[in-house]
Amino acid sequence: MPAFKTLDDLTDIAGKRVLLRVDLNVPVSGGKVTDATRIERVAPTIKELSAKGAKVILLAHFGRPKGEPVADMSLSQIISAVEEVLDQAVAFGEDCVGEPAERAVAALNNGDILLLENTRFHKGEEKNDADFTAELAKNGDIYVNDAFSAAHRAHASTEGLAHILPAYAGRTMQAELEALEKGLGKPTHPVVAIVGGAKVSSKIDLLMNLVKKVDALVIGGGMANTFIAAQGIDVGKSLCEHDLAATAKQIMIEAETAGCTIVLPVDGVVAREFKANAANETVSVSAIPADAMMLDVGPKSVAVVNDWITKAATLVWNGPLGAFEIPPFDTATVSAAKHAAERSKAGKLVSVAGGGDTVSALNHAGVVDDFSYVSTAGGAFLEWMEGKELPGVAVLTRPA
């Protein structure tokens, strides 16, 4: 990955106006933030810039207002949550451009923090419109992007500003890029990837890219059924995309050509009902009853997965191995997650995980803090795993 500038390259910024792009798209219920994780992630960058005497101006989106103001998508409702995390007062600007923004910025003292209104209240944001980008840039001397989770979008505040102002990566962006470089960019081999989740259709590009980069690809979750069925095995009533049999076969051919071992379940936990503590049994994948569905991979399969984790120097994980939300079909995911966490804690494994369900699964297993890096980025993490260029990253790493 080409070099990118970080906060370490930002010296003597007292009094400078720093436009800091952050991800504050947090869940809100009844006017209260229910999960402040994304605020907590960007807090170190905000605090560092403030401590250095910069005038910190936060740019963020919230929801999908489609280019016009929507009252319940105003960032004003999260101000108190941001202040609580930072333990510092945060001013609010009633627009992100124009006179309200300019007035709010002009009132800042060194070290002050200002949150401007939702950038997506303007159509120019998602269009990456040059005039809108120039209006945003009026209020800054320096641009810092700390929103990796929005880096897959070429919007005005995530990509456009870096063409106008000196551009730097914030601490969250820096940590994410460094972790991803260790995960797939320049990893230590053997590299093992675990990919789970419900559908192959949503992860075709991902699987096609991974087989060319990893030594072993473990496939779990509902998507494993599609690969099993593609080999002519009856999977009963299991979730399965039968119309993607040819795609599954092609992925297996690509893997063989690239020297990547595809690891599929050899046994599974099956049930007739999709509910907690449903009556279940463990069977070979070749003996799934016609009226049953596989909801988790079985103990023999878990042993194989854990053996691959033991062999690995690097692990990239996206998607659970089974229906982890419903016990006892969380057993395989929890077992593999705990094994990977132990190897990581012992310094024997670099483990990088990401994607919404993955983070939930690792939280469920109680091991999020023990993985080398857990990305909360969702779509950007997936596109990175697919080998796609992320506009918000590319613009930071372009030659000056």
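All residue numbers here begin at 1 and follow the chain in the order shown.
Cβ atoms are placed via backbone N, Cα and C, with glycine included.
Per Swiss-Prot, the ATP site holds LYS203, GLY355, GLY356, ASP357, THR358; the candidate it also names there, chosen from GLU159, GLU325, GLU389, is GLU325. The substrate site recorded in Swiss-Prot includes ASP23, LEU24, ASN25, ARG38, HIS61, PHE62, GLY63, ARG64, ARG120, and the single candidate from ARG153, ARG171, ARG272 that the record places there is ARG153. Considering only the binding-site residues LYS203, GLY355, ASP357, ARG120 (substrate binding site) has GLY355 as its nearest partner by CA-CA distance. Long-range Cβ contacts of GLY63 (substrate binding site) within its own chain (separation 6+, distance under 8 Å): ASN25, VAL70, MET73, ASN118, ARG120. A simple way to gauge crowding: the CB of GLY355 (ATP binding site) has 26 other CB atoms within 10 angstroms, across all the protein chains here. Secondary structure from DSSP puts GLY356 (ATP binding site) in a helix. Spacing of THR358 (ATP binding site) relative to ASP23 (substrate binding site) is 19 Å (Cα to Cα, whole number). For the pair formed by HIS61 (substrate binding site) and GLY356 (ATP binding site), distance between Cα atoms is given as 19 Å, rounded to the nearest Å.
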